[in-house]
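A short worksheet on the structure shown next.
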Amino acid sequence: MDTAHHMILYGCQTPYATQGYWDCGKELGTCRDQAKIMYAWARNAPPTKLPKDVGFKVGGDTRINYFVLQIHYGDVKNFRDHHRDFTNADIACTYPSSPMYPFAFRTHTHSLGKVVSGYRVRNGQWTQIGRQSPLLPQAFYPVTNTIDVRNGDILAARCVFTGEGRTTITQIGGTSSDEMCNFYIMYYMDNTHAVPYMNCGDDGSSELFRNIPSEANIPIPVTPDHMMSMKHESAPHKDVVELQEPKREEEVLDQGAHLVEVSDWPEAGLQLGQVSGLALKSNGDLIIFHRGDHIWGINSFNFNGVYQQKDLGPIQQSTIMVVDPVKGKVLKASGRNMFYMPHGITTDKDDNYWVTDVALHQVFKLSSDGKDRQLLVLGEAFEPGSDKKHFCQPTDVAVDPVTGNVYVSDGYCNSRILKISPEGKYISHWGAETETFVQANLKPLPKFPAQHPVAAVQKTQEPSQKQDQQPLAAPEEKQTTKTAANQSAQGVPTAIITTLLLVPLVLVIAIGVCIRWRRGRMYSGKAAGSLNLGNFFASHKGYTRHGFDRLSTEGSDLEKDDEDGTDSENEEYSAPPAPMSSS
């Protein structure tokens with residue numbers, strides 16, 4: 001509704017125009033004759049299904065020969081966006097040097113790039129070197145095919161751009177409002193003929209690119225879920241201790257199983273939105289968790305993880321579908337008007353549903369009878385947090401079939417695992433937020449000998465059931481009190497001795513300072529020695545030492561705007577100035 005607030009479909013015998021669009025406000029209407037309203041939609045309403053064998057009669061003698069769709073825009077700038085088509089930028093050069101062997105590639109554009117592809121062309125045959133979306137992390141990825149490039153081969157690349165969201169012409173340039181097309185190749189050569197850097201910037205001929213593989217014109221879709229997962233995959237690595245049981249032989253063999261899509265499944269069409277989770281019931285029925293008419297887009301959350309589209313209301317369609325796994329027929333549907341942004345779903349041994357909603361920041365336990373009974377709710381609605389009672393975009397749930405304990409992956413913001421009792425009581429958690437706690441308990445405990453520190457770490461992360469309801473530091477409370485008392489008793493003579501040793505040293509320093517001061521006043525000159533803080537501050541942020549310039553090798557790729565100047569790929573070939581001769 002922020003883009004198209006409401007729409008009305010008219011039936012006309014003679015519209016004001018028969019192609020394109022026009023302003024139907026003050027000057028023109030919709031139909032030159034009587035306009036007949038056939039359908040209307042507003043405020044993110046769900047679709048309407050007509051009864052079986054019921055339809056609208058049009059054409060013939062109905063005086064409805066044209067459909068006219070009248071759109072009332074919530075934001076007029078969306079109406080001015082006519083640049084949803086795609087355009088290409090092509091580069092090609094004939095390779096002039098000794099054989100080289102590509103082993104990695106990297107793509108780069110600014111915000112409008114959808115896909116960048118690079119090829120070797122030899123005797124009219126196109127062989128892919130690499131293809132990637134520039135909206136994904138722009139690392140060097142392994143090449144697609146192991147090939148060589150020889151004298152006379154053609155190196156060619158194509159960048160595909162969209163004009164969506166732009167109302168003016170986009171130029172090639174170095175700022176974030178401009179665009180550029182880069183395909184990098186990392187290669188090796190024989191050392192006797194090695195060339196460390198080569199560049200190609202020629203426009204490819206249209207005749208050559210008529211034969212480019214069709215894959216080069218197909219954008220690679222990048223979903224917000226994908227971007228979130230890539231974001232957390234790139235987080236700093238932390239060493240962890242993992243204890244893993246050896247895999248059974250059948251599990252190892254199953255890893256190489258070949259998956260084949262069943263093309264005629266489902267037999268009847270399923271009306272689904274973005275599918276966020278799948279699960280199986282104990283009888284083998286498939287459970288689908290989807291988002292209906294809600295879409296996770298770039299404006300769905302702010303930087304703190306707070307959902308920004310509450311005014312849309314909950315999803316009105318059934319979000320949980322129980323489906324026959326053989327034919328795809330819907331057996332049961334539930335979950336209307338409950339969720340805003342569904343994510344994960346799993347079942348327990350009693351076939352209850354455990355689901356997460358990243359917009360609500362909550363975890364739900366629901367009955368599987370299709371009546372939407374909430375058996376347990378964890379977290380506060382629309383309130384992200386990192387304490388024991390809050391989640392931040394929780395992604396999924398696992399249930400221990402023996403103890404009934406619940407493990408929640410929390411989530412896109414917190415990157416931690418919470419262990420919760422079957423009744424919903426917090427037990428423990430581990431992950432990014434418990435690093436300090438784990439380190440603090442690496443010292444030997446009374447329950448563990450000093451020669452087994454790994455066991456102490458494992459126990460800290462996974463407390464026993466008996467102590468689950470106790471504060472995290474409770475097992476050491478008495479011992480800590482006694483130790484503190486003993487240290488206090490022993491600390492008195494230590495403090496006295498330390499004081500006696502420091503008094504003469506302080507007196508000597510004071511006398512020296514006084515003499516230095518008096519001598520300085522006597523000669524009215526500066527002290528012979530001084531503390532130079534230049535080298536000290538040189539290692540701190542914000543201090544610039546003259547004589548040192550940045551040196552980087554990115555090709556003319558300065559992406560800088562007023563709001564964010566961090567995405568800079570600037571090529572500078574600068575060196576320190578020559579030292580001045582002494583006078």
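Here the Cβ of each residue, glycine as well, is placed from N, Cα and C on the backbone.
Here the structure is a predicted model, which means the values were calculated and not measured.
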According to TrEMBL, the disulfide-paired cysteine of Cys93 among Cys12, Cys181, Cys200, Cys392: Cys200
Disulfide-bonded cysteine for Cys181 as listed in TrEMBL, from Cys31, Cys159: Cys159
Disulphide pairing with Cys12 per TrEMBL - partner from Cys24, Cys31: Cys31
Leu278 (Ca(2+) binding site) and His343 (Zn(2+) binding site), distance between Cα atoms, whole Å: 10
Cβ packing number for Leu278 (Ca(2+) binding site), 10 Å threshold: 14
For the domain 'Copper type II ascorbate-dependent monooxygenase N-terminal' (2-78), residues assigned helix / strand / coil by DSSP: 6 helix, 26 strand, 45 coil
